[in-house]
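**Student:** I am attaching a structure below and will ask some questions about it afterwards.
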């Protein structure tokens, strides 16, 4: 009998439960394997009490539910784990403990469901000999080597639903409504929900914007008798200036903090130059919740099954992915090398601009 | 031939279009009357260009749409209208102009769809001889003399949907999620969506809360192994202290400003006393938008028809209302005398507390 | 320590889980009582294996879920229970067994959540000395003594959502779309969803229709350039003729069978007299499913808590109910004496007709 | 100034309005072209009164709306158009009239939005010299040369939502619930919604089923204590037997008629061999309606813009399509040569079977 493990790392994402269910059903029913569920991401491997056998009963009824039944708080990278020492936080390598726990549990292969951060940890563990296959997870859809990741489709529905709701209020009250959505480095959510929600302005990190152009676009609409405007801004969008396009976490966080939230920044600037009533809505965590869409449930399920097939083949170090309509696999290292960003010259940006949407350039 | 007018005042509310459609259909098809739609609330009566004949074509397809096709920005109370004079804002009485416009238009009766503010203006106009019937409108459901108002049911769905979404994230990440919903004076939305969304703590303006009790409730859950908590707070909720229960707009606004937003206030306090991860989501305008629920569409339609019946009877000064399952009417002056607040000793509060929900007292 | 029982009888209804959760939470947390959950309605009292202690864990997370965790198949009335004897079905009284099981279980009070049928059984058990309080349950909203029952609001959303969807197809293809909804004796769902969904014709059991009037209404629309029509029909609606208005189950069932489904009947007749393309959609069980709306979750929760209060007071034979905004109680016998039907002269029917909707009379 | 035409043919599909809006916005704003909207598919080219200039006002607010503002009834193939002659229907070629109308209107290029049928007509018109570019439209997602078509994603949501609703009723009542969804030749909707909705059995046209295997699967579940089962059947699914896999319209229609509806057929058979309570729900037209999902609105918009780019390039005879994340084009003739069917050996079917879903083989 074979025994495998599964953990989910990083932020919440609709479809995680579909992956877990897929792995458990495919392992137990078809292969007669056992599945150990590891709670709270890699943290769970530091505490045997957080590792438990997952049965078919455990995964019953979880398909329509958001979140993850395993929890996904990975506070610490086991290669640089924060501990308190003499009143200070120091970082130590406790990866041997992680490897040890897996051995003790008799786990012969580990399925890591995670984003950029979790996959990089997975890579280092692979170098230490842990047999890992990966399932990509990012609500922002910014991972390379896969057309799309689960959770993204559900997040789009939440964002577009918000835009539909803001439309009626904007129309009735002649306001500029600004919706801030997720996307620290990649503007996919802002761009796709903005096109679908009939936004007038879309701001994404890949295209630093000129605030004057935005004000002018809003003003033009007003002059044409359209007394409201809808702006969608990815949280990582920023004004053109001395800044370079950010690619690193620290820089983006700094940028966002400096502006006090991109939504508020844009509202202030428009309020200053146009004397129009503005309102900001920050969608935040609502985008990570909710029952997954059909697409996300199905994709998560297929990813889970494919992970088992990779284990059977011994294809460790591989990540499952979607190419067109098919599930395939790709090396984890290729997936984490860089982020999948919106192409400012690609057809989706071009479509947005041809629809009359201002992207701030 | 009879000619009537209709205007919608104050904040956006799902179901407004159902009222307008009901009035137009009932007037045109059944009675052969003409309906003048007045844009932007009472403001529209200062500008003949904002008054136009509403036809059956104008109201086609608007039933499922949020917002109001008439716009609802009433910037100014015509009895105390702000104008710029010598660089300062002064307030003058321009109500004669409003009365004059109605006469010029040949409007024999006016339907005012509005909340507290608009209904008080309506009362004063009635005293000046304008034949008005009212349709109550408040998303907070805080108007007396009617069991419920349209828009409230839709807002509840938006709030509960947000709670359902936050639940999955809270569970996966072991966090305290705080949802700030509408309700400056009345906590109906927080209370009813909180019960429906499985909240652990509900804060409403009618029950000033003790922050220590809330922290203890969250901590108790953590000790029982429930590592997350969900808090719903009405925007007008406030901590017990020297403050009296606020009843006036200015006081509530002051209170809210002082705390920097009730959601943020509670998050700070919990962060301080419990060292738990907290996240605040402010629903804001999303609660005013969206396609109205069946209940709100039907109630709005019935209100519109009832308004016509009141006009036929010459029952000016009356407001349509819902009592049990029936549409009735009541004097506007009784409706605006005080707000319909949550009864801290009533069965809904009692039910919440018996379900184990902490209300902060 | 007190021990109570709870069972859910009859058809599925969104909000049942809210009642169960309310009863368990209010009993366990506030009162220290035990709650025995009885599976599959009264059937569960014939089989000790179907009676189990409900804990707080059992009711965790069930609030947003449709259906009932207790099952609700009551095949047999214990006062006239079907058994096979000599190849034939005979009906015997096994109510003593039911009473016996309750005694053995030490159940001191029983909460019966059910509709017309279950409540009548409850009444007979009360006569045999069983201390019962009732919670009304009918998706059709046809129980007397309560303004509304949970599940009805959710069913309305399903029906109106279907109408919104059919509208787009009807408009694009110039068709007569017929939606058959629930309502064997009472037309509430058809009437309220029909008003909200912008139906052109609504057929309810309370108003026997003349098919010619319907054809004429559809034809009139066509002549006015509106090339589609939407018809909502309650399953128990029937054409005017020799028939009396049915009030009894058997008659309604006969009626429905005779017509081969009211939707198909109307489609055939319109196809015959107008030569227009028609399509029938039978919503069926979809109306009983889905996550309950805020209103239904909250009402179910309040009903559950109120049932406990009735038990505390010893108010057996009473049923919880909603009057206006308040939870009250009323004698079960008054609730089951007759059905709460749509008043053909009431304001909701009048509103429908004034909106230009044809009711077939 | 350039003038182009656009028509939508065949069945309704959420996202059609997004295409129309994209074409009009991209043509008018960016290129200064005029767009003639042709009503009711190719039929509109037989009647000048059905051809009208589309302005930006015409496409305002249509993005969230299902259906098509142009209507899509194409009753007749202009190359074989049905007319009444001597009391009989004969078919004549009136394609010259179609070509003539386009010339009269000064239409320099035509955008045909349609499925298999409309695209074949488009091909024949291209042979007659009409400059056409195509936008693929099929709710069944069975067109070759594109990963996916708009409308399909929305239909999936409707189908999965129905499955979620049926689940609660099935669980509460211990029933076999059968959902019949669209898909005459291709089982994509059944397969993908079935995986997402947690179906136990999925029947698709590509895999003729053995009814005995289905009964055994349902019975196995019952023996394992799972007293309900959910079956999703594509309308074109059929039992294994003498029949070949159907590929032609007439054969499928014959098959469906012979069985009296696949849902009813399966219900009868299960009722016969298992003595279980079964219920059939036919989703029908509900799948074609509703507000399009984000994905469908965005895909439709991008398709519309791409069609304009093809016209600019003179790439007539081409159809826009989606490949991975990119919008591309392919020859219409390749798209209509055969249908894109589910691969019985592909990863989606394999995933379904590994999840424990019975596909009847």
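Using N, Cα and C of the backbone, Cβ positions are placed for all residues, glycine too.
Here TrEMBL flags B:3-311 as domain 'Phosphofructokinase'. TrEMBL lists B:11, B:75, B:76, B:115, B:116, B:117, B:118 with the feature ATP binding site. If you look up TrEMBL, you'll see B:116 marked as Mg(2+) binding site. Marked as site 'Important for substrate specificity' by TrEMBL: B:117. Look at TrEMBL and you will find B:138, B:139, B:140, B:175, B:182, B:183, B:184, B:235, B:279, B:285, B:286, B:287, B:288 tagged as substrate binding site. Here TrEMBL flags B:140 as active site, proton acceptor.
How buried are the listed features, and what sits near them?
**Tutor:** DSSP assigns residue B:118 (ATP binding site) to a helix in the three-state reduction.
Listed in sequence order, B:138, B:142, B:143, B:336, B:339 are the same-chain residues at least 6 apart in sequence whose CB falls under 8 Å from the CB of residue B:116 (ATP binding site).
Residue B:117 (ATP binding site) is surrounded by 18 other CB atoms, counting those within 10 A of its CB over all protein chains shown.
Classification of residue B:140 (substrate binding site) by DSSP places it in coil, neither helical nor stranded. Its Cβ placed at the centre, residue B:140 (substrate binding site) has 29 other Cβ atoms within 10 Å.
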**Student:** Determine the mean pLDDT over the domain 'Phosphofructokinase' (B:3-311), rounding to the nearest whole number.
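**Tutor:** The predicted confidence over the domain 'Phosphofructokinase' (B:3-311), as a mean pLDDT, is 92.
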**Student:** Which residues in the same chain, at least 6 apart in sequence, have a Cβ under 8 Å from the Cβ of residue B:288 (substrate binding site)?
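**Tutor:** Once residues fewer than 6 apart are set aside, residue B:288 (substrate binding site) is near B:11, B:12, B:13, B:14, B:66, B:139, B:151, B:155, B:182.
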**Student:** Report, in sequence order, every one of the binding-site residues (B:117, B:140, B:279, B:286, B:288) having a CB within less than 8 angstroms of a CB belonging to chain A; if no such residue exists, report 'none'.
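**Tutor:** Among the binding-site residues B:117, B:140, B:279, B:286, B:288, the ones whose Cβ sits under 8 Å from a Cβ of chain A are B:279, B:286, B:288.
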**Student:** Including all protein chains shown, what's the count of other C-beta atoms within 10 A of the C-beta of residue B:138 (substrate binding site)?
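**Tutor:** Around residue B:138 (substrate binding site), other Cβ atoms within 10 Å: 25.
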**Student:** Provide the number of Cβ atoms within 10 Å of the Cβ of residue B:184 (substrate binding site), excluding the reference atom itself.
**Tutor:** 19
**Student:** Select the most exposed residue of B:75, B:279, where exposure means the fewest other Cβ atoms within 10 Å, treating these as the binding-site residues.
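**Tutor:** Per-residue Cβ counts within 10 Å for the binding-site residues B:75, B:279 bottom out at B:75.
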**Student:** Compare all C-alpha positions of B:138, B:139, B:140, B:175, B:182, B:183, B:184, B:235, B:279, B:285, B:286, B:287, B:288, the record's substrate binders, and send over the largest distance in angstrom.
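**Tutor:** If we measure all Cα pairs in B:138, B:139, B:140, B:175, B:182, B:183, B:184, B:235, B:279, B:285, B:286, B:287, B:288, the largest is 33 Å.
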**Student:** Using the alpha carbons only, what distance in Å do you get between residue B:117 (ATP binding site) and residue B:140 (substrate binding site) once rounded?
**Tutor:** 14
**Student:** To the nearest Å, how far is the Cα of residue B:184 (substrate binding site) from the Cα of residue B:76 (ATP binding site)?
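**Tutor:** Distance between the two Cα atoms comes out at 21 Å.
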**Student:** According to DSSP, does residue B:75 (ATP binding site) fall in a helix, a strand, or coil?
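**Tutor:** The residue in question, residue B:75 (ATP binding site), is coil (DSSP, three-state).
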**Student:** Rank the binding-site residues B:76, B:115 by the number of other Cβ atoms within 10 Å of each Cβ and report the first-ranked residue.
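**Tutor:** Counting every other Cβ within 10 Å of each candidate, the maximum falls on B:115.
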